[in-house]
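Read through the structure below, which is laid out as structure tokens, and then see the notes.
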Protein chains: 2
Amino acid sequence: MQQRTTDQQATDVAHLRRALELAAQGPVADPNPRVGSIVTDAAGEVVGEGWHRGAGTAHAEVDALRQAGDRARGGTAYVTLEPCNHTGRTQPCSDALYAAGLARVVHAQSDPNPRAAGGAEVLRGKGVEVTGGLLADEAQALNRSWTHLVTTGRPWVTWKLAATLDGRSAAADGTSQWITGEAARADVHRLRAECGAILVGTGTALVDDPQLTARRPDGTLYPRQPIRVVMGERDLPATAKVLDDAAPTWHLRTRDPKAVLQALADAEVHRLWLEGGPTVAAAFLSAGLVDEVVAYVAPVLLGRGRQAVTDLGITTIDAALRLRPTDITLIGDDVRITADLHEGHEALEALEALEAAGAPMRTPTTDPTNTPEEH
Amino acid sequence: MQQRTTDQQATDVAHLRRALELAAQGPVADPNPRVGSIVTDAAGEVVGEGWHRGAGTAHAEVDALRQAGDRARGGTAYVTLEPCNHTGRTQPCSDALYAAGLARVVHAQSDPNPRAAGGAEVLRGKGVEVTGGLLADEAQALNRSWTHLVTTGRPWVTWKLAATLDGRSAAADGTSQWITGEAARADVHRLRAECGAILVGTGTALVDDPQLTARRPDGTLYPRQPIRVVMGERDLPATAKVLDDAAPTWHLRTRDPKAVLQALADAEVHRLWLEGGPTVAAAFLSAGLVDEVVAYVAPVLLGRGRQAVTDLGITTIDAALRLRPTDITLIGDDVRITADLHEGHEALEALEALEAAGAPMRTPTTDPTNTPEEH
């Protein structure tokens, strides 16, 4: 029996890994999570593959079941996220899986969304064998910001910072075009396109007059544009580039980062790209509302000029905000340093602890739902 | 004949590459360059290997000839640097090579030292076949700072900078222990040990009271200690750590970076490790006397605090000092960015141009000294 369990688990992992590859093809900035699915027939043959292509389209399981048709009966569905039990833009996936006559469902990440969770429980109640938690970390990493939104109620906030080696984001006369090179600027646009919204303060909108769109190096727009958010109480002139029709724009007349994040959460935006200036950056940082920093450090020295960030209320070294680097990449002549803030890190750890304590399990071989003979 | 030349060149390159490996075993902070040598007998068999172990010891060629003894007669000597023609601490190597009865001498970098150069010419005049310039770039890289000293008359200056992501080198209250992690601090000590001198201003010496030695992580001193140089007109208290007997210390009562570099050049120091503070760093940078920056960027945010460097007289982005990164390494949680200043880069290019124009050649197959049949 141990041997059968080990073999089955290896098969489960292989199918889930393929499902993760499929999931990664989904749109990263979509309000919905990226999900992939594989369906096998009763003999274990793959008869369907699917993934979610964004809000309003079929969920991954349904996409895979369409391919599988009747061959799904008695088979297994592999899904990177616990099947939803929620009637939203589509019918609950738990219903669709049950209706297809599947004997078993294997999922990775359990659904952290309280509105949608419970799919596994419903299926078990109807006699379907459910195994959860395999490759859960990888599945969660694929939907880090979406998971963050549904668990904390606010978007994952990435602060983008471009500065010289000596920490300047503009020269003494205010000029800042360009501190970083072309390749780094193209990288910023690529990452903007992965976010649901981009935010600046009215100060930046008035002084720099940026368009705030996500553009390819040839100047054309990426197909999906983030919402442009300008935060602050000052008026914007009708001629401001940020008000053109290249993308939707919100002017939020508030100085409260929490209010901004609430408005974005209400619109199901799970990743915000924060582009400063220094006052807006300091407001988010001081409030503990930055999850990640993407810093482009240019091999340039200026001596003086505008700081990348203003006072954070930190006066001594022991109170410094310490980050955890997750990636270092040379982009052209600039260095991109990606780092999590400890807040973000702790939130993820809390989430992991929550998941470990809840119904879905990290070690399926010792889980009762996975070894029914022990019941 | 072409075939013989090609085969011979492959052999020459292989022996020089081995000689470069030997050279790299020499002491990097020594006043003398690091040089390696291989001697083959008339049949092409390797009969001696040698390298220079520092000022006062045998030169690499002599070291290799000692091993070879009489077997060197009619053979070839491979040397990573043109044999010297200079009576200094030792006799000229050109004499030793001639006396050993070698038929041929192959060297990489030509001697950029006007006092020592001419060895190749002297040997040719005595009927020895001399080939130069093979692997010259690699040989020069091995003695970058020494080459810099003998061609420009001043040491290669490396400015070490430790700063937060937002460019602070201390918190608002002056505390700076520690911005970077343990691994980065150990790396600084390792690099200090590779320099002939370390420099700070009297300000840093008085406020931070550093010992300025090169220490291993366990606190013990590296065997070779750089000269500790304190620059500035203020007096130092006799209790200053920098005045202890762990290493020699110079207090140079000047604010002129040029005067400091002259004193170091007179002492044959070819690499200076500049540790700031901001005023001293700005003085060297403004005078165009920094060749390289080694920046430890810590994933930390402070918001305000001491700048890594003060005013450089740069007011607009087009006047920014732009560096060329040569290495990016993650050290612990910190990122070490090594970058050449354009001045240093241009100096190296000038040196390369000078070498290309002079007697030694980059393309030995087209050089008359290498293809005697074309004479």
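Including glycine, each Cβ sits where the backbone N, Cα and C put it.
The model shown is predicted, which means the values in this text are computed figures rather than measured ones.
There are 32 other CB atoms within 10 A of the CB of B:Glu61 (active site, proton donor), with all protein chains counted. DSSP classifies B:Glu61 (active site, proton donor) as helix under the three-state reduction. Per TrEMBL, active site, proton donor is recorded for B:Glu61.
Among the features that TrEMBL reports, Zn(2+) binding site is placed at B:His59, B:Cys84, B:Cys93. Long-range C-beta contacts of B:His59 (Zn(2+) binding site), restricted to its own chain and to partners at least six residues apart, with a cutoff below 8 Å, comprise B:Val35, B:His52, B:Cys84, B:Thr90, B:Cys93, B:Ala96.
Sequence-distant neighbours of B:Ala162 (NADP(+) binding site) (same chain, 6+ residues apart, CB-CB distance under 8 A): B:Ser169, B:Ile179, B:Thr180, B:Ala184, B:Val188, B:Ala295, B:Tyr296, B:Ala298, B:Ala308. Per TrEMBL, NADP(+) binding site is recorded for B:Ala162, B:Trp178, B:Thr204, B:Asp208, B:Gly277, B:Pro278, B:Thr279, B:Val280, B:Ala281, B:Ala282, B:Ala283.
According to TrEMBL, the feature substrate binding site maps to B:Ser176, B:Arg192, B:Leu212, B:Arg215, B:Glu275. The C-beta environment of B:Glu275 (substrate binding site), restricted to residues of the same chain at least 6 apart in sequence and closer than 8 Å, consists of B:Lys160, B:Ile198, B:Leu199, B:Val200, B:Thr204, B:Pro210, B:Leu212.
The DSSP breakdown of the domain 'CMP/dCMP-type deaminase' (B:10-121) into helical (H, G, I), extended (E, B) and coil residues amounts to 37 helix, 23 strand, 52 coil. According to TrEMBL, the domain 'CMP/dCMP-type deaminase' annotation covers B:10-121.
Annotation source TrEMBL lists region 'Disordered' at B:355-375.
Each residue contributes its Cα atom, and for B:Gly277 (NADP(+) binding site) and B:Ser176 (substrate binding site) those atoms are 12 Å apart. Taking the Cα of B:Arg215 (substrate binding site) as the reference point, the closest of the recorded positions B:Glu61, B:Thr279, B:Ala281, B:Ala283 is B:Ala281.
Chain A comes close to none of the binding-site residues B:Thr204, B:Leu212, B:Thr279, judged by a C-beta to C-beta distance under 8 angstroms. Counted over all residue pairs in B:Ala162, B:Trp178, B:Thr204, B:Asp208, B:Gly277, B:Pro278, B:Thr279, B:Val280, B:Ala281, B:Ala282, B:Ala283, the record's binders of NADP(+), the longest Cα to Cα distance measures 25 angstrom.
Distances between the Cα of B:Arg192 (substrate binding site) and those of the recorded positions B:Glu61, B:Thr279, B:Ala281 are shortest for B:Ala281. In the three-state DSSP scheme, B:Ala281 (NADP(+) binding site) is classed as helix. Listed in sequence order, the residues of the same chain lying 6 or more apart from B:Thr279 (NADP(+) binding site) and placing their CB within less than 8 Å of its CB are B:Gly201, B:Gly203, B:Thr310. Within 10 Å of the C-beta of B:Gly277 (NADP(+) binding site) there are 22 other C-beta atoms, taking all protein chains into account. Each residue contributes its Cα atom, and for B:Ser176 (substrate binding site) and B:Ala281 (NADP(+) binding site) these two points are 17 Å apart. The Cβ of B:Ala281 (NADP(+) binding site) lies under 8 Å from the Cβ of B:Trp159, B:Leu161, B:Leu274, B:Val290, B:Ala308, B:Val309, B:Thr310, each of which sits 6+ residues away along the same chain.
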